[in-house]
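Residues annotated as domain 'Amidase' in TrEMBL: C:22-463. Taken from TrEMBL, the feature active site, charge relay system covers C:Lys76, C:Ser151. Marked as active site, acyl-ester intermediate by TrEMBL: C:Ser175.
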Amino acid sequence: MSLEKQDVQKIAHLARLSLSDQDAEEYKHSLSSVLDLVEQMQSVDTEGVEPLSNPLEATQRLREDVVTEQDRREAFLSNAPLTESGLFLVPKVID
Amino acid sequence: MNWEVVIGLEIHAQLATKSKLFSGAATSFGAEPNTNTTLVDLGMPGALPVFNKEALRMAVMFGHAVNAEIGMTSVFARKNYFYPDLPKGYQTSQMDHPIVGSGHLDVALEDGTVTRVGITRAHLEEDAGKSLHEDFQGMTGIDLNRSSTPLLEIVSEPDIRSAKEAVAYVKMIHSIVTYLGICDGNMAEGSMRCDVNLSLRPKGQQEYGTRTEIKNVNSFRFIEKAIYSEIERQMDILEDGGKIVQETRLYDPDKDETRSMRSKEDANDYRYFPCPDLLPIILEQSYVDDIKASLPELPTQKAKRFEEEYSLSEYDSGVLSSSRAMADYFEIAAKVSKNTKLAANWVMGEVSKFLNQENIEINQSPVSADALGLLLSRIEDNTINGKTAKDVFQCMWLGEGSADEIIDKKGLKQVTDTGAIEAMIQGVIDANPAQVEQFRASEPDKRKKMIGFFMGQVMKASQGKANPGLVTPILNKLLNG
Amino acid sequence: MFDQSIRSLAQKLRQKEFSSVELTQEYLNRISSIDPTLNSFITVTDELALKQAHAADEAIAGGNTSPLTGIPVAHKDLFCTEGVLTTCASKMLHNFIPPYESTVTGRVKMAGAVTLGKTNMDEFAMGSSNENSHFGAVKNPWNLDTVPGGSSGGSAAAIAAGLCVAATGTDTGGSIRQPASFCGITGLKPTYGRVSRFGMIAYASSLDQAGPMARSAEDCAYLLQSFAGFDSSDSTSAETSTQDYLESIEAPLTGLRIGLPKEYFGEGLDSNVAQIVMNAIKEFEKLGATVKEISLPNLNLSIPSYYVIAPSEASSNLSRFDGVRYGHRCSDPQDLLDMYMRTRAEGFGKEVQKRIMVGTYALSEGYYDAYYVKAQRIRRLIKEDFVRAYQDVDVIMGPVAPTTAFGLGEKTSDPVAMYLEDIYTLSVNLAGIPAMSVPAGFSNGMPVGLQIMGNYFDEAKLLNVAHKYQQATDWHTQTPSLVKGA
C-alpha cells in the first residue's frame, strides 16, 4: 500500500494536523510502511469471526440519574489558553 | 410540471433527565456559562463516561410508543469531527445498533385523513455545547453547559408529502414525548429541534430527487414556512432546468428563506467506530416488557377514550388530547363540574382564547382546572348563567378570587324567585306595548325570533341575573296570554 | 536504603529505624544527583513529597498505617495528579495542571505512599524506547548508551537506579513489561478492567491498563493491592472482586502447569535471550512445575491487529487536544482551522502524529471494514488462542522482547523496526489477560526479562509464581554499577 502526498495531506486535514510539504513527503513513506505492515491481515480468512472491541465482552453498567457534581468552573477554566466571562474563547466561528 | 414533495424529518428531543447522559452534572437550562459541567462534559484528559440509566428507560418508552423494535443490544459509537463546542472532538452517538429500530406512527391530518409515517430509528446521543457569537475580543465564546445532555434523535422515513403532514407529524411526536414525560417539548429553549430533509420529484417518478437538509428549525410555524420556502426554491431551480445541490441549509425566519451553510460544505468523514470507553447495552426481555406495561395512555388512545367515555366528537377529542396538560385539565374540570360537554366547550373556547391572548401554555393558566370546574358547576346548579360565567371567569383569570367569592362579592347570583321574575317580565311587557302587539299579530314561527328581544330586555332589567331557564316559560305564558 | 523491599522499609519505618521524611529526603537526594544523567523524571515534587512524608510519620506514630505508608513512589506522567503538572511527555500538555486526581494515584495516596514525582515516558505512551518524549530521551541505568524501553521507561529506569521504591506504569502493548525487562526490574500488566482508567490520559482505551513496577513481585503485589479494584467512574472497570495478592504469594509451585508457546521461540529471538528464558523455565521445573509446549498460532497477527486498533482509538482519543480548553495553543491563529491545524502540529511529536494519521486513515470511509473491523476480528482469534491454551496450562511463559535494550537512536530511522520489538507483548493486551516481566538473567551485562502470562483476573497466581522464582534466584536484586556508589 503506498500513499501519495495528497493522500497524506487529506488524512492530515481530517486529523487537523498542519503539514509542510517536506513533512508530507516524510509521512508518505512512514505511513506507507505502517500500512504495508498491517497489510498482512488481509491474508487471513476471518469469515464468520465476530469483531472483538472489548477484551472482557462485558456489558454497560448504568448510573443512577442523580446530580452528583458541583460547579467547579473556576478550577476547570484555569488551564484554558483564553477565557472571558466564564467562556472559552476561540477564533471567530462562522456558520 | 407536477412535482411531488418528499420529506423526511430528524427530530432531536432532549430527554428530561436530571443529570447528563454520561456525567453527574445537572441538565438545567439557563445556568451561568460552563457551570453545569464536569470533567466528562469538558473532555478533560482522562475523563470517562458512565451511562445514565434513566435515559435508557426513556428511549425504550419512546420505542414502544411508536410501535418500534427495541434494540436488545445497542452500541455507542463515536462520530469524529472537530468543532469548538464539541469538546472531545467526537460526539458519542449510536450508529449500527441504535436503541430503537424501525417503527411507525399514524398521523391524523386536519381534514380527518390519516397517513402512516415510518420511523427509521431513534438513537441516543449527547448534545454539543453552544457557540456564542457576540463579540468577545473579536472571538467566539464557548459554553459547554449543554455538552453531554441526553438527546433522542428520531429519524423518519421519507414518507411525508407536504408541509401540513410534516407539521402534523412533528406535533404528534411532540405530544408523544410530552405524554411520556421524557421531554419537556419546549421548542423555544431547544428541547426539541427539527432537521428537514426535502426533495422534489416529478409526480409518478419512483426515484428520489436530490435533497437538501434544513437544519435546526425550531417551531411548528417555522417548519411549515421553511418547507414552503424550500419547495419554492427547489421548484424554481428545477423548472428552469437547473440541478439541486445536496447541501445543508439554514432557515432564516426574518427573510422567510433558506440559505446555504457554507461552514458545513467541507464534506465530512465522521469515522464512526464503537466507543471503547463504553460497553454494549444489553437489555433483558423483562426490562423491555415492564416498560411497555407501565406506559401511560398515549394521545391517540386518550382521544379514542374521550370519544367513547364522554361522547365527544372526534374533533373535540382530538383537540382535547393533543397535549397531556390539556387533557388532564379537561378531565379535572369535567369531573368537578359534572358536565363533560360543558367542560369540553369551555376548555376549547374561553380557556383557549385567554391562553392564546397571553401566549401561555395551559399548565401556566392562572385558573386551575379545579377552579374552572367549580365555576362550571355554578352554571350547572343555576347559580349563574353562562353569560355571567364568562364575566366571572375573566375576574378569576385576573386573580380576583374563586368563582363563589366573585359571584358573592359582585352579587351575580341568578334570580330564581318566579314571583320576582314574573314581576320583572310584566314590567317589560308594560313598557313595550308596540312590540307586544306586533308579537301577538305574528305567525308562530316568526314569534320564535321575536322572543329574543323580550329576553334581552328581561336580562337587561335583571342585570343578567335572571335565570333564562325560568324566564322563557313565564315570558311565553305572559306574551301569549 | 535504596535497594530494600517495601516490606523491609515498612518494618523499619514502624520500628522508627528511620522516618519517612529521612527516607524521602534520601530518595530526593539520589534523584538530584543521579537523574540529570538518566532523565527519568519530568517533574520532581520535593515539597509535596516531604509534606506527605511528614504526614506519614505522624500516621505511623499514631499506629495508623498501611504497608505503603511513608514509602516513596513515583507515577508515570500520564496519570492526572491534582495540582501537579501532568504532561504525558508532550508539548501539548507542557503546562497542564489537572484539577483532579486519577483513581490509581488517588488510591496510592490514600494508602499513605509518598509521591516523589512524575516519570518520563514516550509521548502519550506511544513508543518502545522512551525516545519520543518532549522532555528528552531516558537512559538505561545499565548502559547509558541504550534505551530503557518504553513507554514507561522513566518509571523502569528510576526503579532500577534506586530513585524510587516502586512506580506506576501503563501498558497498552508492552509499555510496562518491555521497559521492566530492559531495566532488570519487575512489572505487572493486570487484566484489562482490573485497574480503573479514570484520570489516566488515554492512548488506546480498549488496551490501556495501569500496573505496578518495582524491584520484586512482592513489592508489585503491595502496590497493586492499593489501587486494583472496581471504580464506578470507569464503565470498563471490572466488578470482579479483587484478590489478596499477598495472601497466596508464598504458595508452593508444585504441580504448576507452564505452557511454552512455540511461536515465542522462533526466528528473530536473540539466542542469548532464548537461553536465559529456558534457564528460567528449568528453575521452575526444579520448583515443581511441569512444562508443556503449546501453540498460539496467531501471534504474528498481533502486530498488524494492534497497529490498526491502537492508532484508531488514539486518533479519536487525542482529538480533544485542540487548544480550546487546556494545553498548548499556537500563537496568533488566523482562524479556527488554522488554530486546530497549527496547535496540533506543534503540540504533538512526530510519532504521535504518525499514529494519529494511521488511525484516521484506518477509520476513514472505504477503509474501515478492511482495517478496523478486520483487526477486531483478528483480535478475537488472538483471544481465542489464549482461552484455548488456558484449558491446559496455568501460566504461559516466554521472552518479553526479542533482544536486550538496544542503542539510543538505533531504531529511530526505520518507521516499523520499533513496532516489531513488541511482538511478544502485544497479544496480551489484545486478549486483555494479565502478564508480568521478571528479571531472569543478563546478556552481555544487560538484563533480560522472563514474561509470565496468566489467565483473566489471575494476578495473584502470577505474583505467586514470580515471587517463588525470585526467592530461588537473585536476578531481581542486582543493581547497575552506575548507581551503587551514589
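Glycine is treated like the rest: Cβ placed from N, Cα and C.
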My understanding is the cutoff is Cβ-Cβ under 8 Å with a sequence separation of 6 or more in the same chain; which residues meet that for C:Ser151 (active site, charge relay system)? C:Met121, C:Asp122, C:Ala125, C:Met126, C:Gly127, C:Ser128, C:Asn130, C:Asn132, C:Thr170, C:Thr172, C:Ser175, C:Pro179
If you count other C-beta atoms within 10 angstroms, which of the active-site residues C:Lys76, C:Ser175 is the most crowded? C:Ser175
Calculate the per-residue pLDDT averaged over the domain 'Amidase' (C:22-463) and state the result as an integer. 97
In which DSSP state, out of helix, strand and coil, do we find C:Ser151 (active site, charge relay system)? coil
Provide the three-state secondary structure of C:Lys76 (active site, charge relay system) computed with DSSP. strand
